[in-house]
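According to Swiss-Prot, the protein has these features:
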type	residues	note
BINDING	TRP27, TRP189	folate binding site
Amino acid sequence: MAFTPFPPRQPTASARLPLTLMTLDDWALATITGADSEKYMQGQVTADVSQMTEDQHLLAAHCDAKGKMWSNLRLFRDGDGFAWIERRSVREPQLTELKKYAVFSKVTIAPDDERVLLGVAGFQARAALANLFSELPSREKQVVKEGATTLLWFEHPAERFLIVTDEATANMLTDKLRGEAELNNSQQWLALNIEAGFPVIDAANSGQFIPQATNLQALGGISFKKGCYTGQEMVARAKFRGANKRALWLLKGSASRLPEAGEDLELKMGENWRRTGTVLAAVKLEDGQVVVQVVMNNDMEPDSIFRVRDDANTLRIEPLPYSLEE
């Protein structure tokens, strides 16, 4: 990709974030095109793509036969098919799995590294972009297309925009916003996704969790009314038999080191500490605080105390911007 990622700065929590333009180099784009695109994706992901309009984007999971997620995908309609955004570390294996049955369908599934992914968030993000585009997405119309650019709107943790565009437009946006916006890399977008409670599936956690263990049902990412898709039986069983005992949590506090994806944490039990959970992602903010996204039992007490293994500092549960009550 000739468009160069911006140098990293320590990420900031959404409440204090100045206007920021980010390169999303840790995320990657992929597409499916061809006459059978919708039918093919409908048989592969947890969301009901047949009901998706041009104005919508949604989170969906692509699972194995046991209902474990290869990845989650931020899906939107693109050309005569669909495009999706996922973590770069899982794109290649996810596409390999997705292509397994494609020989029988009129589809082309491919990575897309021609287009550039940018994020805009922080103070007056909408006003800054309103000077550059004739229409911006919103709650009512979450996807807007203009020329070579697709803009996706996100409400949480605070209004922000994901821009899928060509290199020329990415350079133009950078030139126009450089004076008023801070530039940062994808760690800032990752921090916002952790705050929003959007599950982050990197390679270490691919094939490990059913969608409900990462709150996908609370994020509108699972249809329990659509026809068959890979892993559906296990995903449905988790709902209707109450088989899922896990949930995605947001922790905040201090840690002398950042836990890595796939690592466990420790839960305080009286005077002792017990290993628990699986870390999906973690970021250190500019104020020194650490935010951690972790899958744990769904019955954790809200005042529980956690720590990175053998660390002297502690982490506590923070509320997510959505409810898990069904």
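Residue numbering: from 1, along the chain as shown.
Cβ atoms are placed via backbone N, Cα and C, with glycine included.
Of all the Cβ atoms in the protein chains shown, 21 others lie within 10 Å of the Cβ of TRP27 (folate binding site). Here the Cβ of TRP189 (folate binding site) has 27 other Cβ atoms within 10 Å, regardless of which shown protein chain they belong to.
Classification of TRP189 (folate binding site) by DSSP places it within a helix. Under the DSSP three-state reduction, TRP27 (folate binding site) is assigned to strand.
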